[in-house]
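This report concerns only the one structure given below.
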Amino acid sequence: MSAGGSARGHRALPHTADIRIEAWGPTREACLAEAVAAVVDGFADTADLAGAPAVRAASADLDADTDEDALLAVLDEVIYLLDTEDAVPVTAEIERTAAGVRARMRLVSVRGLDLGGAIPKAVSLSGLSIGADGDRWSCTATIDV
Amino acid sequence: MELIEETPYRFRIDRHGQMRVPGVVYASRALLPDPAADRSLDQVVQVATLPGIVGASYAMPDMHWGYGFPIGGVAATDVRDGGVVSPGGVGFDISCGVRLLAADLDRREFGPVRERLMDALGRDIPRGAGRGAVWTLAGQPEMARVLREGSRYAVRRRGGGDRDLYRCEDGGAVDDADPEQVSARAIDRGLGQVGSLGSGNHFLEVQAVEEVYDERVAEAFGLRRDQVCVMIHCGSRGLGHQICTDHVRAMEKAMPRYGIQVPDRQLACAPVESPEARAYLGAMAAAANYARANRQVLGDAADRVFRAVTGRTLELVYDVSHNLAKIETHEVDGERRELCVHRKGATRALPPHHPDLPPDLREVGQPVLIPGSMGTASYVLTGVPGGGAFFSTCHGAGRLRSRHQAAKSVRAKDLRRDLERRGIAVRGASARGLAEEAPAAYKDVTEVVAAAEGAGLARAVARLCPLGVVKG
């Protein structure tokens, strides 16, 4: 978790059964990258991840017509990689493309990591938001675990 | 919002705003959610706005905050009167449910084999994030068989008997599954997970029948005092979550065509007779079949462990979902009507003599399986004549505190020591996962069951206590 006053960061918000995250950054893409970090923080220890050997770099071109679509697409991709490749991103860089966004991630294997119970499985449309206030982008999302 | 106490176990929210029907909350005053921390009562009100909803928007005693629908929500819509289906009313984990198996083993015989049995279960029951399952499917053609035939295919391919089917809701599979409506992404996520618990609040627990409240019914279910049992709680894994994700988004795009507006995006819905709803119901049925196959294969794996370690077998008591929508016929305002009944975190509870019961349960009603939180009691209930909310009841203890709060207030080491001191062996839990699922994060399951009984939704048959847990 990053400090609330910094230019970019993320934190967990209270939710009874699932995980609710907030992320922010100076650009939409930075905000999306922080959202990825927030979801990973929800179930993995950052120190464990830093020490894990990288499996590979991944790049995904994701279609998105709107900012909300971009947020959903990026978080969906994290969940998909976890379920199909047993992999979790330790870094994520997001860039804008003509069709949506490109997510470049460095992945590590979750095998052997001491993961928490709150493994993300889907992104809810309830309470989903993303937008800019001046030069600060922020987003919220509720993740089913 | 005003809650009107009709009885000590039934509260009404009168129609206001866009509500088409009232809200009805089956709970004791003590179990009602705290509106400051949990918005599930608002969600009961929002569900009451769905097109075609009949009766009331119901909440069960274990209700808590979900998305769109509350967890513990029941809503039925009239299929012939523009009634809708909402994937959010089923939930992400389609056909998440509980399977209870009874061992031919007495509690006092468990002690000597406890460590060996729990070690073997810890080794053979896949759990946690990502891939890793009992059954490696031979690609997409075999996945299509699982999606169409559910437990029936699993029993044929992996072993099992007739009882595994007639004691499973829908005989182990629903017939209207349509794998064509399941996306490639959902298939990808599901391929490596048939026969796995997953994570979160999912588990396999070894239990003992601690108390029997109705000998006749318990005997018909296949339960007796001091008997060792295995309870499995899990669902349709990544496949079900992806199906819900895909179809909620498709329905949200389609809603303007049907002139539907909803107060929460996760309530996205479409008329049951629309192409979007038919597509969802076909995919949902496929996920339900996947979930039944998943629990069948896990039950079979547990049976193999029991045979190897104790020489005894496991026999199915029942397998029932608590996240599902079903087309059912019920009497509403004196008329038989075809309804789409959504149960999200709620269990169907058929009364004795219901035509959908298998012959050996016809006299006693459907077993309703209510897992408690980790380390606490679980209950077996049965349906009752005139059961409310279209024959539905609670599904578990119901979450009270967030994972974050639980992890902050409970030390995993202390919790594990406390469980071990009480004779409950724990396998497979990470420190964080264990703390997040601490019993203090949940309501008291005994209070929940008492409220369900008090409200006339079901009645208790037996209480089970934990002996060992394999945490998802």
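Every residue gets a Cβ built from N, Cα and C, even glycine.
Going by TrEMBL, these are the annotated features:
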- B:HIS395: active site, GMP-histidine intermediate (ACT_SITE)
- B:ASP93, B:HIS202: Mn(2+) 1 binding site (BINDING)
- B:201-205, B:322-323, B:371-374, B:SER378, B:395-398, B:LYS471: GMP binding site (BINDING)
- B:HIS233, B:HIS322: Mn(2+) 2 binding site (BINDING)
- Message: To the nearest Å, how far is the Cα of B:HIS202 (Mn(2+) 1 binding site) from the Cα of B:HIS233 (Mn(2+) 2 binding site)?
- Response: 5
- Task: In whole Å, note down how far the CA of B:LEU204 (GMP binding site) lies from the CA of B:HIS233 (Mn(2+) 2 binding site).
- Result: 6
- For B:ASN201 (GMP binding site) and B:HIS322 (Mn(2+) 2 binding site), the CA-to-CA distance in whole Å is 14
- Anything within 10 Å of B:HIS395 (active site, GMP-histidine intermediate)? Look among the binding-site residues B:ASP93, B:LEU204, B:HIS322, B:SER373, comparing CA atoms, and list what you find. B:HIS322
- Query: Looking only at B:ASN201, B:ASN323, B:SER373, which of these binding-site residues has the biggest number of Cβ atoms within 10 Å around its Cβ?
  - Reply: B:ASN323
- Task: Under 8 Å Cβ to Cβ from B:HIS322 (Mn(2+) 2 binding site), same chain, six or more residues apart: give me those in sequence order, or none if nothing qualifies.
- Result: B:CYS96, B:GLY97, B:VAL98, B:ARG343, B:GLY345, B:ALA346, B:THR347, B:HIS395, B:GLY396
- Query: By the DSSP assignment reduced to helix, strand and coil, which category contains B:LEU204 (GMP binding site)?
  - Reply: strand
- Task: Starting from the Cβ of B:HIS233 (Mn(2+) 2 binding site), draw a 10 Å sphere and report how many other Cβ atoms land inside it.
- Result: 25
- Message: So if I measure Cβ to Cβ from B:LEU204 (GMP binding site) and keep only same-chain residues at least 6 apart in sequence, which ones fall under 8 Å?
- Response: B:LEU121, B:ILE125, B:LEU197, B:VAL230, B:MET231, B:ILE232, B:HIS233, B:LEU298, B:ALA302, B:VAL469, B:VAL470, B:GLY472
- Please report how many Å separate the Cα atom of B:SER373 (GMP binding site) from that of B:ASP93 (Mn(2+) 1 binding site), as a whole number. 18
- Item | For B:ASP93 (Mn(2+) 1 binding site), nearby residues of its own chain (Cβ under 8 Å, 6 or more apart in sequence) | B:GLY235, B:SER236, B:GLY240, B:HIS241, B:ASN323
- Query: Relative to the Cβ of B:GLY398 (GMP binding site), which residues of the same chain, six or more apart in sequence, are found under 8 Å away?
  - Reply: B:LEU31, B:PRO61, B:ASP62, B:MET63, B:HIS64, B:ILE71, B:GLY72, B:GLY345, B:TYR442, B:LYS443, B:VAL448
- Translate the DSSP assignment of B:HIS233 (Mn(2+) 2 binding site) into the three-state scheme. strand
- If you count the other Cβ atoms within 10 Å of each Cβ, which of the recorded positions B:HIS202, B:HIS395 comes out on top? B:HIS395
- Note on the structure: Per DSSP (helix/strand/coil reduction), B:ASN323 (GMP binding site) sits in strand
